[in-house]
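Some features that TrEMBL has for this protein:
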type	residues	note
DOMAIN	9-279	domain 'NAD-dependent epimerase/dehydratase'
REGION	348-367	region 'Disordered'
Amino acid sequence: SQSTDPSSGTGYIGSFTALALLEADYKVVIVDNLYNSSKEVINRIELLSGKRPLFYELDITDQAALDKVFEEHPDIDNVIHFAALKAVGESAEIPLEYYRVNVYGSISLLTSMKKHNVGNIVFSSSATVYGDATRFPNMIPIPEHCPIGPNNTYGRTKSTVESLITDHIGAERGHAKKAGKSGEEWNAALLRYFNPAGAHPSGIMGENPLGVPNNLLPLLAQVAIGKREKLLVFGDDYKSKDGTAIRDYIHVLDLAKGHLQALNYLREHHPGVKAWNLGSGRGSTVIDMIKAFSHAVGRDLPYQVVERRQGDVLDLTANPALANSELNWKTELTLEDACTDLWKWTEHNPEGYNQQPPKEFVDALKK
């Protein structure tokens, strides 16, 4: 999907996480309805990892179809849940569809998991669940104990699913205890993403540029290859050094690794429900980003300031200390790495997965 959260297993973050899992010797079954992604990503995952994940094309709201996947693969013991619609602006226009896919879809998945005794879930949440953290003192950078208070429909669907998962895991642990068992097999990680960016350094896997991206870097990439004339900057009257909003960008490879660490933590420590921020702890303004990506491209990219968007907040910078200490995870790649990798992907794959990957990039993998 388009940014803060991927569509599902073949979406932006889902595909990179599937790759990280395969590289860590997990067996992977991907489920996706391909609404906002491409099946071609399966070929790219196989090119990079040497292993082909199993793939089912189905919709998360179709519980009978999900049941079939669990029945055919009784060894599935963990789920990483990415399936969601994720554009903040669009969520305000079609809220019922966002609640149907994001909330009802999650109910469908959890029901099917419960039926098949699958207790561990890693959930793609979002920093948008915090809303405007500047409304509290000392909450920037944002820690996990910052009160939840989303200020847009998309964020509300994410915080609703966090509550749903928390109640479900709590109930299952309660039932187990009543039956004289530990209940420790029921666990959830709520991963609150900040702003994922970048692509695979090989140049053969990235974010598929379908339609209009909702994120700054993919939009800038389209400006750089001439698909759009200029970047629109939403507001320059924020209380920041240059008036533009501050975000925390995290390379998609680091983000994928965070899912792997969170899953391993659930399996080893059985914590019940835990939330972790996955971010770098470094805030960058929109102007910082334009400069960094312009540098990667080698020329200045045009932009125009327009009015603020409803639901945008001044500062979404993570305090990732909890994930640093508990998951033994921290970002290792920089904003500059993300820009370099995104430009390599965009410049050489202007049609994304609707074209063959450059032969020299594929050949380089075989060496």
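Even glycines carry a Cβ here, placed using N, Cα and C.
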Looking only at the domain 'NAD-dependent epimerase/dehydratase' (9-279), mean pLDDT returns 96
Under 8 Å Cβ-Cβ from the region 'Disordered' (348-367), and at least six residues away from its ends along the same chain, one finds 38, 40-41, 44, 47-48, 202-204, 206-210, 225, 227
For the region 'Disordered' (348-367), the DSSP helix/strand/coil residue counts are 12 helix, 0 strand, 8 coil
